[in-house]
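Only one structure is covered here, and it is reproduced in the block below.
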Amino acid sequence: MQKKILGNSYVLLIMVLLYIPIIFLVAYSFNSGTIMSGWSGFSFIHYQQLFADTRLLKILLDTFILAISSATIAAFIGTIGALFLDSFHNKKNLNVFSSLNNVLLVSPDVTIGVSFLILFTILGFSLGFVSVLISHIAFSIPIVLLMVLPRLREMDNTLIIAARDLGANRGTILSQIVIPEIWPSIMAGFLLALTYSLDDFAVTFFVTGNGFSTLSVEIYSRARQGVSLEINALSALMFAVSLLLVLAYYLYTTYSDKKARLTK
Amino acid sequence: MDKKVLPVIEFKNVGLSFDNNQILKNISFEIATGQFYTLLGPSGSGKSTILNLISGQLSADAGEILFDGKVINNIPAENRRVNTVFQNYALFPNMTVFDNVAFGPKLKKMPKDKIKAKVREMLALVKLEAFENRAIQELSGGQKQRVAIARALANEPEVLLLDEPLSALDYKLRKQMQSELRAIQKRLGITFIFVTHDQEEALAMSDWIFIMNDGKIQQNGTPVDIYDEPINHFVADFIGESNIINGVMKQDYLVNFVGKDFENLDAGMQLNEPVEVVLRPEDLDLVPVDQGKLIVTIADQSFRGDFYEITAIDDDGNEWKVQATNPSSVGARVGLDFGPEDIHVMRFNESEDDFDARIESYEGE
């Protein structure tokens, strides 16, 4: 019993420590003053400022457009890559390619960012939305591949044989048997790529140019002159959105778990 | 078989190897339309390989495979008029029962109402009318098996291939599915080629059995032919229980084993040719010592429900398996009785053609 109380309070302490900065940040977004030190009263002034700040809102929109398009394209390319890798019957080749993929996953963002900057400069490619998009797609593909490949390898091969036996050609097998089978992993890869893209600072910082910025880069450049509470308001809103997403995910998984158990 | 009727499938000297390992060795046979065939053999005997060659999942290294008289070696699997029921069912998990069965007809671009009628007809055939909208995960093993059969038949194949489809079912369900499969085959009148390693299943279901071992067809014939007249040691041992004893053919219709001469019904062999003699356990009777052809001692006895399985040892030390309806007692001395028709003599290394020719030579008289 005592052990349990000790354990619980330990976990609680950790949670509080982790959440304190965020709670602090959210609380101050409602401060009527302009700085983080000293509470001068409750107000929505920073939210009003935020919604009036068209530059920031445009950047927010750009960030989401970038994330959705890079994750979609990466999901597409990554899935095709996984399908090709899965068709390798030589285990050695497969392992080599999987390892090369994992190297990309663990290599620091700074390395990727700098290398893309060098590449774009050598090619004389102008830096902007397209260069950022290309780099985001590039670092997202390995993520999708990591999610999709195991599912493909686990897939029961006789399903494909059975479909062929019933008269299906390669295209039909792919669209009606294989893709539905690996769809959950493609979605998981897409969502993971989406969050990576939304989060990314280092790669974007190197390859973006004039006229295009993402939220993290913008916040970083503004923060150098001291964080305005408008940023707090924006962060609070984004935090709320993440909370909602987690909640939705939780409800979705418990519902499908229940369904899976009932149908067994 | 009637010579005028073209065989639906014909193998001409078909061979196949993997990594210098000969899986099939120069196989030739014919399959007639509307019959229930079984490929029977232990695992690794090549029986599933034959099925995969017919369905097009594998292609032969040598020889020709004919379907309705045309060579199909280079025709891809999706364009062959055969369908397969797989051992693990291979049902599409993301589709309902209806969509699984409708998969083939949809690919053939059948009109929608026809597809619906076809699926209903097939589900009725396998007694799953009410299961159209079920998810595959909701079905039991037996129900999945039925959906797999319905799905394969919905494509209206000329030949249905069944790759050990019942091996995952429990004993009772297996028995039931055996007779149902047989009934479905008779009703549709198409050819079934069934692969199994279960000899009981093969004997119960088939019109014609091919016994495979070591990449070759050891013997083919009706279940009764194969059971009563196995051509070699492997077939005699694999099909049913048997006592196989070395002997010598003294002359036509007289064989010597365990030091005694016995009248039998086999002929056409050389004088004093060494042979193997087969006696089925159910053909042997335990009788009082003075009435027996041989005298044996009961060594072991176990109850099998409908009979007692008895192991007896003769005075030369040979083991005899006997199936008796009445119990005996371990250690008892009893007589062993059998008639001339219960003795089956096999020559060493006799091919199936030679065997048939020999039988014809004296049975035709």
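Glycine too: its Cβ is placed from the backbone N, Cα and C atoms.
Note that this is a predicted model, so its numbers are computed, not measured.
For reference, TrEMBL has these:
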DOMAIN    A:60-249  domain 'ABC transmembrane type-1'
TRANSMEM  A:12-30  transmembrane segment
TRANSMEM  A:64-85  transmembrane segment
TRANSMEM  A:106-127  transmembrane segment
TRANSMEM  A:133-152  transmembrane segment
TRANSMEM  A:173-195  transmembrane segment
TRANSMEM  A:233-252  transmembrane segment
Same-chain residues at least 6 beyond the ends of the transmembrane segment (A:106-127) whose Cβ lies under 8 Å from its Cβ atoms: 134-135, 138-139, 200-210
Other parts of the chain folded back onto the transmembrane segment (A:233-252), taken as Cβ under 8 Å at six or more residues beyond its ends: 22, 25-26, 29, 46-47, 49-50, 56, 60, 215, 219
Distal contacts, the transmembrane segment (A:173-195) - CB-CB under 8 A, six or more residues away: 67-68, 70-72, 74-75, 78-79, 82-83, 140, 143-148, 150-152, 155, 159-160, 163-164
Cβ-Cβ under 8 Å with the transmembrane segment (A:133-152): same-chain residues at least 6 beyond its ends: 66-67, 69-71, 73-75, 77-79, 81-83, 85-86, 98, 101-102, 104-105, 109, 112-113, 116, 178, 181-182, 184-186, 188-190, 192-193, 196-197, 200, 203-204, 207
Intrachain residues whose Cβ lies under 8 Å of the transmembrane segment (A:12-30), provided they are six or more past its termini: 36, 39, 42-44, 46-47, 229, 232-233, 235-236, 239
